[in-house]
Amino acid sequence: MHCLVILGFLLGSLVAFSWAGVTTQPPPLIRTLSAGGDIGPQFDVGKTKEPEDAEFWHNVGLRQLEKTIKQAQRVKEDSYQKKARNIIIFIGDGMGISTISAGRIYKGQYLKHGYGEEETLVFDDFPNTGMAKTYNVDKQVPDSAGTATAIFSGSKTHYGAIGMDATRSKKNGQQGRVQSVMEWAQKEGKRTGVVTTTRITHATPAATYAHIYDRDWECDTEVPAESVGFHVDIARQLVENAPGNRFNVILGGGMSPMGILNASEVKTTIFEGPTETICTRGDNRNLPAEWLAHHANDTVPPALVHNRKDLLNVNVKKVDHLMGLFRNNHITYSIAREAGEPSLQEMTETALGILERGDESNGFVLLVEGGRIDQGHHMNYARAALHELYEFDLAIQAAVNNTDPDETLILVTADHSHAVTFNGYALRGADILGTANSHEKNDPMFYETISYANGPGYWDHLANDSRPQNSSNMWMPLKHFTAEERAAPTYRHLATVPRKDETHGGEDVAVFAYGPGSSLIRGVFEQNYLAYVMSYAGCLGPAKDFDDSCEDHKDGQKDRPLDKPNPKRNGATVVGASLIPILTAATAAILRGRGL
């Protein structure tokens, strides 16, 4: 008998060892020839992988939500059940960790608050933080269209896609559509709005209302012949279709895609790069006029404004629908803003005045984008980019000051990072935009604390057209540039690889959260999870019925005890039994009946 037991034990151990040996092996490596001729290892992926469409990412989002809630329940924490009447999501476009750190110092030095390093940004004090993985379905390093779709709709997608999942088609404008948090909010009777310093048709704001194959199709003239009749340009979608034509607030740049060019627009400072180009309409339509006509029968007439003075004169206690378009293209960088252009803070305060009215009971959802942080980095304009972050911080402070912390969930994050570095061994209090090693007198080459992996700054700093033997002679000494030149917003910091447009960075981005539901932000998660945080905390969209907390909140009941069974989640696992995210019966039911 003992021999049989020992034999069974040995056989069982052998099977277990063999199984473990198989399942713990890393994916097989294959070697491929890259376009540049270099051979590098890549993982063999995609052969048995399920399609990463909206249903796939819906599953991922709900699993992360369940995992996070279980973690809270294990430590008897119930703050995750608190519900938000209002939601504000701040997107610092391109605001990676290096930008946040450098921007914090820039703020302190700009305001002359000590050395700079000890300064704080408003969102530094938010109680909950996490890290979001930003990759697109088809790219390790993402773009703003795919990331914004993930944030607002809960589905990761292809690079360049807006409001559509990975099944999108150039010849089918309905295929792969996903709803955004703005659509979810409007179904619950909430007010909605979008504020940005970019064109209102640019990638991030467009992802709140548009569904289109390519982010560049902002005007009718940009839609290729093969897609005409299937896809409608982004600007038209804003005024023709919900949720865009039901927004209470639309503030930003982009008059040209909307069909109302200002021929006398002033440009005091000339910025360069692809971001400064803009499309024009070919159908001669005046879309703001059509927007006004759409709201002509409103109880209170809509307001259309084009300058700072008119914006600040809007009666926010009466106006229900406001559109403000302030430039043909993007609103000018804040460091060189033209007369008559509002600040992001002013636009945010005006938006909140309209959205958060005392006589309204359903609340609101608002996007505020600091969009030109990204565009400054693309041109290696470090000073312009960091000043945009400072303005972004002021807008966040305005939101904190003008909302109820017990009713408003505020999320601050980036859609992606940038290839910008904060390097060297600069002395404490050294100018963040200055040199890192000027105190080292024997160093043969001074270099700046902020530099870029790639971008147009390469050509500005290159000593000559050939690569010399001594790499230290490859770059022009910084003394070649005058102090005035280096202080200009158009000064480009050095980039080590030549590109007309600096690239994004692929590292995780930080998420800062404040208010009811903010405790759902913890750890590292896929970026699309943010949509599920807003859905669950705001009682809207696909996670509204994830458990009974929204019904309890609606009925004015006390939070459900942690050990109370949830009838909507039949078959749910015992609380705290496992931190491994699994799909419960209720979650599966939501997947079947509430697809994005």
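Glycine is treated like the rest: Cβ placed from N, Cα and C.
Annotated signal peptide per Swiss-Prot: 1-20, in sequence order, evidence recorded as sequence analysis. Sequence annotations record features per position, and here Swiss-Prot assigns Mg(2+) binding site to D93, H202, T204, E369. According to Swiss-Prot, the feature Zn(2+) 2 binding site maps to D93, D415, H416. If you look up Swiss-Prot, you'll see S144 marked as active site, phosphoserine intermediate, on the strength of sequence analysis. Annotation source Swiss-Prot lists N-linked glycosylation site at N262, N297, N401, N464, N470, citing sequence analysis. Positions annotated as Zn(2+) 1 binding site by Swiss-Prot, on the basis of similarity to another entry: D374, H378, H504. The feature disulfide bond is assigned by Swiss-Prot to C539-C550. Feature annotation from Swiss-Prot assigns region 'Disordered' to 548-570. Per Swiss-Prot, compositional bias 'Basic and acidic residues' is recorded for 548-566. Taken from Swiss-Prot, the feature GPI-anchor amidated asparagine applies to N570, supported by sequence analysis. Sequence annotations record features per position, and here Swiss-Prot assigns transmembrane segment to 571-591 based on sequence analysis.
Comparing the recorded positions S144, T204, N297, N401 on other C-beta atoms within 10 angstroms of each C-beta gives the minimum for N297.
Taking the Cα of N297 (N-linked glycosylation site) as the reference point, the closest of the recorded positions S144, T204, H378, D415 is T204. The binding-site residues in question are H202, H378, H416, and the one with the fewest Cβ neighbours inside 10 Å is H378. E369 (Mg(2+) binding site) and N262 (N-linked glycosylation site) are 23 Å apart (CA-CA, integer value). Taking the centre of the Cβ atoms of D374, H378, H504 as the Zn(2+) 1 site, the nearby residues of that chain (Cβ within 8 Å, site residues left out) are D93, G94, S144, Q375, H377, H416, H418, D501, E502, T503.
Around the Cβ of N464 (N-linked glycosylation site), the number of neighbouring Cβ atoms within 10 Å comes to 9. For H504 (Zn(2+) 1 binding site), the nearest neighbour among the listed recorded positions (D93, H202, C539), judged by C-alpha distance, is D93.
Among the recorded positions S144, H378, N401, D415, H416, the ones whose Cα sits within 10 Å of the Cα of T204 (Mg(2+) binding site) are S144, D415. Distance between Cα atoms for N401 (N-linked glycosylation site) and H378 (Zn(2+) 1 binding site): 32 Å, as a whole number.
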